[in-house]
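Presented below is the structure to which this report refers.
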Amino acid sequence: MSEEPKEKPAKPAHRKRKGKKSDANASYLRAARAGHLEKALDYIKNGVDVNICNQNGLNALHLASKEGHVEVVSELLQREANVDAATKKGNTALHIASLAGQAEVVKVLVTNGANVNAQSQNGFTPLYMAAQENHLEVVRFLLDNGASQSLATEDGFTPLAVALQQGHDQVVSLLLENDTKGKVRLPALHIAARKDDTKAAALLLQNDTNADVESKSGFTPLHIAAHYGNINVATLLLNRAAAVDFTARNDITPLHVASKRGNANMVKLLLDRGAKIDAKTRDGLTPLHCGARSGHEQVVEMLLDRSAPILSKTKNGLSPLHMATQGDHLNCVQLLLQHNVPVDDVTNDYLTALHVAAHCGHYKVAKVLLDKKASPNAKALNGFTPLHIACKKNRIRVMELLLKHGASIQAVTESGLTPIHVAAFMGHVNIVSQLMHHGASPNTTNVRGETALHMAARSGQAEVVRYLVQDGAQVEAKAKDDQTPLHISARLGKADIVQQLLQQGASPNAATTSGYTPLHLAAREGHEDVAAFLLDHGASLSITTKKGFTPLHVAAKYGKLEVASLLLQKSASPDAAGKSGLTPLHVAAHYDNQKVALLLLDQGASPHAAAKNGYTPLHIAAKKNQMDIATSLLEYGADANAVTRQGIASVHLAAQEGHVDMVSLLLSRNANVNLSNKSGLTPLHLAAQEDRVNVAEVLVNQGAHVDAQTKMGYTPLHVGCHYGNIKIVNFLLQHSAKVNAKTKNGYTALHQAAQQGHTHIINVLLQNNASPNELTVNGNTALAIARRLGYISVVDTLKVVTEEIMTTTTITEKHKMNVPETMNEVLDMSDDEVRKASAPEKLSDGEYISDGEEGDKCTWFKIPKVQEVLVKSEDAITGDTDKYLGPQDLKELGDDSLPAEGYVGFSLGARSASLRSFSSDRSYTLNRSSYARDSMMIEELLVPSKEQHLTFTREFDSDSLRHYSWAADTLDNVNLVSSPVHSGFLVSFMVDARGGSMRGSRHHGMRIIIPPRKCTAPTRITCRLVKRHKLANPPPMVEGEGLASRLVEMGPAGAQFLGPVIVEIPHFGSMRGKERELIVLRSENGETWKEHQFDSKNEDLAELLNGMDEELDSPEELGTKRICRIITKDFPQYFAVVSRIKQESNQIGPEGGILSSTTVPLVQASFPEGALTKRIRVGLQAQPVPEETVKKILGNKATFSPIVTVEPRRRKFHKPITMTIPVPPPSGEGVSNGYKGDATPNLRLLCSITGGTSPAQWEDITGTTPLTFIKDCVSFTTNVSARFWLADCHQVLETVGLASQLYRELICVPYMAKFVVFAKTNDPVESSLRCFCMTDDRVDKTLEQQENFEEVARSKDIEVLEGKPIYVDCYGNLAPLTKGGQQLVFNFYSFKENRLPFSIKIRDTSQEPCGRLSFLKEPKTTKGLPQTAVCNLNITLPAHKKAEKADRRQSFASLALRKRYSYLTEPSMSPQSPCERTDIRMAIVADHLGLSWTELARELNFSVDEINQIRVENPNSLISQSFMLLKKWVTRDGKNATTDALTSVLTKINRIDIVTLLEGPIFDYGNISGTRSFADENNVFHDPVDGHPSFQVELETPMGLYCTPPNPFQQDDHFSDISSIESPFRTPSRLSDGLVPSQGNIEHPTGGPPVVTAEDTSLEDSKMDDSVTVTDPADPLDVDESQLKDLCQSECAQCWASVPGIPNDGRQAEPLRPQTRKVGMSSEQQEKGKSGPDEEVTEDKVKSLFEDIQLEEVEAEEMTEDQGQAMLNRVQRAELAMSSLAGWQNETPSGSLESPAQARRLTGGLLDRLDDSSDQARDSITSYLTGEPGKIEANGNHTAEVIPEAKAKPYFPESQNDIGKQSIKENLKPKTHGCGRTEEPVSPLTAYQKSLEETSKLVIEDAPKPCVPVGMKKMTRTTADGKARLNLQEEEGSTRSEPKQGEGYKVKTKKEIRNVEKKTH
């Protein structure tokens, strides 16, 4: 049919005839239809209208669109063709293109503004047409560009309907998934389920039988149907086998969903189809919970009728009743209660439904519950009743209801809060008013003594305060520490509350227990307005705290300028003196508050004011190097020469601290440079003592006497020599110091250096003419002193130069140490402001709580002839010591450290003159308490001075000094033992009839005394401490027992003595007063153990030691010093000191008797006459159960009596014995137990009859044992000895469980340990910390010292529990670098190295880098509840030092290892191959082992010789040693070398940190299971390849495993080569249209959607051909990557399955191996290699064929014959395609591939030949590893003839993942282009024969096991410029050389082709 167009086309410029015009129009349309662009354009140029159309309305755009001529369409649109022009049928170009499936045209049209939702005459849209014709891409594009699928045809059919009718399942899926109504993209079947579209669902299920398709969150269509209540689809799905109980994410089933949504019909359907009514989600919700929570009555009723579990609880213990109550669903609550749900059912926190109703304020529900007799006084775990909660949440109606039903108005919580406390704190005046109306007292106190008024003041509730004080609340009520509400509000700065309280008569001068008034607190916090109010109401300016601080002192301390100014205006005394005579100016100077100091000076404060010991503010400023304050003080007339009582001037302090500028300032203000203190010390002496050369220079330049002498005659040179300070010694000698000057005792500097063992100093002195023959007053030369003290190197140096006079001396003579004087004054700046009670909520602000008034007493001990040392008996930092405080930010220095901060004491470094002087010389040995040394002394030993100027390189730094003059491992708050050789032993010593006494050198407190005449002959006594697990049979431990020290191995074992000998062993058990005791076990052979019994009284011992110069401590002293004394007449092989619960024991026989406990006096066991038939030792143990422990673990669920044990266990008595045990304390209910013989169902008697080392098994025996109550005790009878325990528990059934839980905590053995913290500042912001909890470890951790850590804190001994975690928190200016929410934690194990390494950052770099570490038993709670730390340590980080050369000298191994696992910070660089993974895992373990490697070696059963050999082979690097050990272990143990094995051994040596690493995310890649052996993954540890001279080189090549030639132009480290794991090759798009058979001619069912027919595009008079454009068939090589992968995988499986042996004819070639990585290529290079100028287009055709087969630990499928044939065909095509590429010759005749049986052989052959290209591939596996295409690596002296051997190496039959096994040995350094050329001739014949020989040999040996064809392994894809390329060229026997990468030379190689087809066997 033909029509005239509606519009006449515009006339051309030149009129033509009408006939020609219509011809032109038709020709134009024909040209457009045929795609002849030029022709069409010519017509347009000649005047044809671009929009001209034929009689059907078709224009050029329509025609070109239909035929898919994109260029024509684009050009027409550019020439303003109407994009939305419609045909007669209303079709636009977009309709036509969509119908024809012309995707590119559709894109162009839409881009040019075509209306995607245009509708034709019958309402068809482009989307409808594309959907009808199954044009998936077009449908997708239209949907993405706004096409609406809701637009229907006139008959109401949508695109989805037509796609369903036509059966186009992919289009249906696409349309459903893009249904815009849903918020989340869901799979098609889900959408069908949502729309209840059974038809769509049926079609989708027809094509995919799985009805349980999952969405992203794991929901199935049935879940969706359940959600929307779509019964029809649900029925269909269930009929099609949908799982009725399918669990989605969090274990949600469809029944949960339907119940939650209230779809009752759906619930019924699901239950009818067998849904589990009691299914639980991950949180424990059942369908009943879901229905109840949402209040769906009908559903709840249905579920209850079907017996839903009404008692079921969630993870948190919530029942359906709680849920219904929470949602205020009254009807559901009633329903549940009708079904007899317990009304008082509790959650895990003991919350009832009534608590929930009170919380939410649901009045009606609360009423129903109370009517059903819910308990109004039920207590939650924290003691809150519903009334408390109602008061907290301001629910006044519920509150009144509760009171009406008898709720207790005085009920108290755990912390003693009543409802009025809670309401006052929350600020609810109306509730407070109602409570008081109902009789609540406003003056009731909580456990801290606080009333409601305190609470209101604390939370700043002014209205409540007003109401309370008007209604009779006591304004002056005192809480704990005597705090009044006024104190609290003053501290918090609540001026309005302060005003109210003062007006109501509150005393402004009320003081807390530590003497703080409200004014002090306001001053401390800087609240000027509050201070003004207080002063207006008469607050006193002069009241002092216990420390004598006035409010002005406090303001000065905290730098509160405004308050200080106000106080001074109000006439506060600027010179008020505190307890130690400190003025506010002293305090301001100490805390560097310059503005306050200036204010005080302006207001007349005296700069001359001196503290009691004579310190002026200038002394303090000089000590702390506060230049500004010092300058101000001097300007105000401070005397630079003012001295303290000891004669110390400011310049002394500045000199000692090394403050050069301060010294210069003081000297410029006329300070006397030669001023000496009372003992004669000048500033130069102190500079010499501290090695301050820079200060010494200033002093000497200003006229200091170089040879000034102290009273004892010491010159600065003596002092420098004594302390081993080489730099100052050199300086003094350069300035003509007298080298032979003598002290009063006749000591020269040389004597002093010899006494201290400083060889380096001695050498310098001798070079400077020191006389070695000078004698002391006692006639000793330096040599004699050194010899006596056992300094071998010193003796060797001096004996050459000394003239010796022979003398005889007895061995017992002791050397009296000569020590120069030092200064020891300290000054306490602290002000004890007990803030525990007043400010718990301020803990997080970095404000620190002082630990109270400890240690107020100072003791002076006189030490003859040496010096006076200030010694403290208690913790030096917490109390009122004469100490000078720490850094300014640690305002409340109450920590548990041993004093360890440099300036924390004006002790001018009481360095104790080398502690040796006090321990080695008996006449000066102090008693124990004197060793709680002054802080400076300790600090000097531990921490090099913070201000040390680094310009002077210190040849002998403080670390090295330790080894000269003291034993740093004993630096603790205990007796310092570092005896001379003659009085101590390391392991053994000789003794004879004269007897002897020896102290242990390593372990302080160890001593062996052999009295005279007790040893029969000269004997070598040995004594060493050994680890428990070293013994095959360690001593058996009962629960609650633990070793208190290491095992003591004595020798000679079995030695008999003529009388008792004494062995004293230090122990670490905490005795908890008298609660625990020590017993000694002995073992003669290490196999059996028994208790060591030897009683002897003290008098006997004294008599025994008669004539010996030994003193024995009393038992009390032994207890204090924690020493166990063993008295024995013979030596067993081992002693064990065991800590256990104290046991009362006695011999009891048939006559009977009574045993009573001394620990818990009410506990007793009464044995009647005849209970025992013979006399035996019977024991009674009573272990107290601390209430706080019970509360911490169980809350107020239960209370317990002591645990009582009768020993020996499991013994039956002939008559019952009577046990008496005190009743448990009253329970948390707040009601007295009232045990008066009444029925007490809550009181239970528990019993455990297990004995020996078996764990206790508690059972409830209340029912079978009658209990009798006597006063506060319960007695009962028993005829077996066992463990008994009384419990008072509300939930009787839970008693045993709760008891067992508590018991596990109670049996943890307590130890006394110390916390030590090491730090290293990495950069100005970040530092590394290592925290240790040590028992008997050496404190100078060698690893930390080697890594340049400094000790920054050490605690006194603290009680810790075995095996329990210790949580670490950081406050102040330091923040730990942890993931959010994570807490630092490590476990304590006795005698193990408990190390916690972590990093911290400095919050504010402008402030001092100091903070506090708190060690806690519990994790930090989110509730912010106050927690008591077991230990607090204040730390200041060491200064950031730039590493000097020596520090930088890390071994290459270490660097390589660090780089090797840089992927830890760069996850994308995670290693891929198993060899790589194993190597890195080893590397990480090695890097962390440090010095523990030897311990590990011993645990792994390596001999001493093997360990020494590892040391010798790797002398310079700990990491190399560790790595070599692991390598040897894997080689030796093979398959048994598993991660689990390593973990267990590491746990034994207590390297839990490494175990954590092994189990942590670092090792997650590859999901390596613990049972998999390192050897299985690959034999990384074969001997080094030739050419690698040392193990170090192996460590340098971590990337070898990647088999990746690096990019030649890339200079980066190869550690970063792997930036991406993804393959750069993308999967070719699937031609899905070709795969899906067309269903276009299905008959339409009646009433189905109409099918659009295409427009008739035939043109009048046109003779165009109507042939269809046929798409070219897919390129035979363009194989879909995933298909190929599957095929390859299945082929591999087939290969592996079908290689039982080698056929005789040898035709079977190597089986194909799966590879785990892209062969020879890193991903980064692949990415780069995607394109490039060198790449030929045709390479793409072969790319996909050689994609890697990534078989990642999944089983390959069996390959069918068809698949095998398909694969074979692809390979054939690949060969043909390759031979068709230019320059590629094909050796194989095209007809050579005949049968499937040959497939594998030829594939292998093909790969082999592909690899043997002469272009860039190589035979040597080494060369392809080294990343040098074409270059053979010359290894050592070997030539290229080694290649076949190298090729053979990778075949390891043991494992399946062996690619690149030796790659760890290969060198991967980037090479640069070289220009030389080197010939390495190789005989072609030799190489060919060898290669053939090796290959065939391998095939014969290894064929039954999977291995990789050499060719496949060696394929390289790198061109000279690093671009990816496949080298597949082959030239038989040809020799070629071309430019290669190399270091200055090139290699010419011959490539011999091994053709698998030619192999013969």
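Positions of Cβ are set from backbone N, Cα and C atoms, glycine also.
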### Message
According to Swiss-Prot, one residue among S173, S1275, S1451 carries the annotation phosphoserine; which one is it?
### Response
S1451
#### Entry: phosphoserine according to Swiss-Prot, picked from S441, S1114
S1114
### Task
Of the residues S850, S1662, S1891, give the one that Swiss-Prot describes as phosphoserine.
S850
## Note on the structure
Near the repeat 'ANK 14' (481-510) in space but 6 or more residues beyond its ends, with Cβ under 8 Å, are 450-451, 453-454, 456-458, 460, 462, 465-466, 469, 475, 516-519, 521-522, 524-525, 527, 529-530, 533-534, 537-540, 543, 834, 836-839
### Summary
On the repeat 'ANK 11' (382-411), the mean of the pLDDT values is 93
### Task
Pull the DSSP breakdown for the region 'UPA domain' (1274-1408) and write it out as helix, strand, coil residue counts.
20 helix, 69 strand, 46 coil
## Note on the structure
S606 (phosphoserine), Cβ-centred 10 Å count of other Cβ atoms over all protein chains shown, is 17
### Query
Residues sitting near the repeat 'ANK 11' (382-411): Cβ under 8 Å, six or more positions beyond its termini, same chain?
349, 352, 354-355, 357-359, 361-363, 366-367, 370, 376, 417-420, 422-423, 426, 428, 430-431, 434-435, 438-441, 444, 1195-1196, 1228, 1230
### Task
Look up S606 (phosphoserine) in the DSSP assignment and report helix, strand or coil.
coil
### Message
For a three-state summary based on DSSP, what are the helix, strand and coil counts in the repeat 'ANK 14' (481-510)?
### Response
19 helix, 0 strand, 11 coil
### Task
With DSSP as the reference, give the number of residues of the repeat 'ANK 4' (155-184) in helix, strand and coil.
17 helix, 0 strand, 13 coil
